[in-house]
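*Asks:* TrEMBL feature annotations, pasted as is:
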ACT_SITE  A:CYS71  active site, nucleophile
ACT_SITE  A:HIS174  active site
ACT_SITE  A:GLU176  active site
DOMAIN    A:30-189  domain 'Glutamine amidotransferase'
Amino acid sequence: MGNLRSVEKALAFVGAVPRRVTKPEDLTDLAAIVLPGVGAFGDCAAQLAQTGLWDPLREWAASGKPFLGICLGYQLLFEGSAESPGVAGLGVIPGKSVRFPEEVGKVPHIGWNTIRILRQSEFTREIRSGDFVYFVHSYVPVPEDPEWIALETEYGVRFASGVCRGALFAVQFHPEKSQRVGLQLLRAFVEVAACRERPTRSAP
Amino acid sequence: MPVLAKRIIPCLDVHAGRVTRGEQFGRAEDGGLRDVGDPVGLAARYDEEGADELVFYDITASVEGRKTLLDVLRAVSDRCFLPLTAGGGVRTAEDIRGMLLAGADKVSVNTAALADPDLIRAGAERFGSQCIVLSIDVRQTGPESWRVFSHGGRRPTEWEVLDWARKGVELGAGEVVCNSIDCDGMKGGYDGSLIRLLADALPVPVVASGGAGKIQDFGEVFLSGHADAALAAGILHSGEVVIPEIKAYLRTQGIPVRL
């Protein structure tokens with residue numbers, strides 16, 4: 001929905017040349033994939049499967065090529081979600097998404113919250129612990145292997161707000177809606193992708 | 001303890017492609033609105049100043065008005081990377097979709113939801129609760145009593161504010177904006193008891209609207225009104241106060257804000 005457009009505009013703003021892809025053949029000449037992900041976990045997984053993009057996306061994300069997951073696109077990297085029981089995720093990262101317990105406060109978690117950088121990477125070199133980013137979500141992934149966790153946020157409970165490995169970077173918040181800090185993260189991602197000497201493109 | 005920042009949200013009432021401002025829901029046809037600027041330029045200024053979100057209302061609520069609002073949304077979302085909410089004249093799930101596609105992250109419903117509450121459910125099921133905002137216009141009718149009004153504050157309904165807000169949340173609204181018609185444009189401060197009533201009772205964020213006249217009013221509505229966010233129009237558009245100034249003050253009061 002709207003978020004696809006916002007992600008495109010923000011990527012273009014930081015110098016990328018985003019392109020929407022709708023079928024596996026579109027992936028061949030890409031330097032990077034951005035998976036914004038919108039709606040509910042089950043619907044999104046079903047749509048990706050329908051377009052034939054499911055397996056190529058999983059292979060891409062698992063291969064260590066530049067990949068950015070945003071919000072649901074982050075959650076989809078895991079094995080599943082309490083939002084859609086029985087629906088498998090891409091399974092690139094061990095773990096599942098859970099719903100925020102009601103006692104943490106108001107759910108969905110909507111608004112500006114801080115990130116703490118647990119593990120530095122080239123994606124986060126321009127940002128700091130304590131920087132605010134914009135969240136809108138009711139579910140959050142719990143990585144089984146803490147080594148994946150790059151960013152942490154607190155909302156009643158502490159949760160993994162970002163993961164990173166190789167050229168894969170995925171976040172629960174919306175960099176495309178997080179003003180300066182979000183644009184810096186996107187710029188860093190685009191630079192990582194550009195280092196691979198190809199134009200940057202994006203996937204749905 | 002959640003450390004979510006309290007949000008300061010400029011509200012842009014768009015009429016005939018311009019941002020306008022009135023008092024107590026003044027109407028364009030009565031000459032009750034003042035032109036305060038170009039929506040895209042104003043949005044860029046607020047983005048620069050560190051607004052946490054922007055709200056756009058089409059207050060003409062005509063077919064032409066809605067088209068203008070979509071153009072404004074597209075232009076703003078091309079260059080401002082912060083959350084945007086749109087509303088005014090939203091009647092169907094298709095209207096919601098149109099606004100989301102034009103760049104809105106959330107869409108607020110009001111009169112049409114009162115006529116057909118199922119609009120809230122339809123919107124939430126199709127696009128997610130997080131993007132459906134229930135906007136409620138009220139007038140105080142007694143010491144602890146506020147009546148909900150429809151049609152831009154013109155028609156009273158049968159609803160008490162808390163009952164309608166609860167119903168809306170039950171149907172899937174992910175956020176509630178409460179506008180006090182009595183306080184609108186009067187600059188005497190937000191209606192703290194109204195906002196507190198909703199904020200304490202609802203499981204979703206509550207946004208206070210109507211009445212901001214000075215910096216201290218924001219502190220008041222967060223500290224004693226328990227609001228999650230505060231909407232303001234007149235005092236921001238006129239430049240009487242600027243957002244960094246408000247946030248610096250809130251910080252001195254121990255209120256979490258994003259600087």
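Heads up, the Cβ atoms here are built off N, Cα and C, so glycines get one too.
Nobody curates TrEMBL annotations by hand; they come from automatic prediction.
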*Asks:* May I ask for the distance between the residue listed as 'active site, nucleophile' and A:HIS174 (active site), taken between their Cα atoms and rounded to an integer number of Å?
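*Replies:* Rounded to the nearest whole number, the Cα-Cα distance is 7 Å.
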*Asks:* Tell me the Cβ neighbour count for A:GLU176 (active site), meaning other Cβ atoms within 10 Å of its Cβ, over all protein chains shown.
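*Replies:* So the Cβ neighbour count for A:GLU176 (active site) comes to 29.
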*Asks:* At a 10 Å cut-off from the C-beta of A:HIS174 (active site), count the other C-beta atoms across all protein chains.
*Replies:* 24
*Asks:* Which of the three DSSP-derived classes (helix, strand, coil) applies to A:HIS174 (active site)?
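*Replies:* Where A:HIS174 (active site) sits, the three-state DSSP reduction gives coil.
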*Asks:* For the domain 'Glutamine amidotransferase' (A:30-189), would you mind checking the mean pLDDT of the predicted model?
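*Replies:* Across the domain 'Glutamine amidotransferase' (A:30-189), the average pLDDT comes out at 94.
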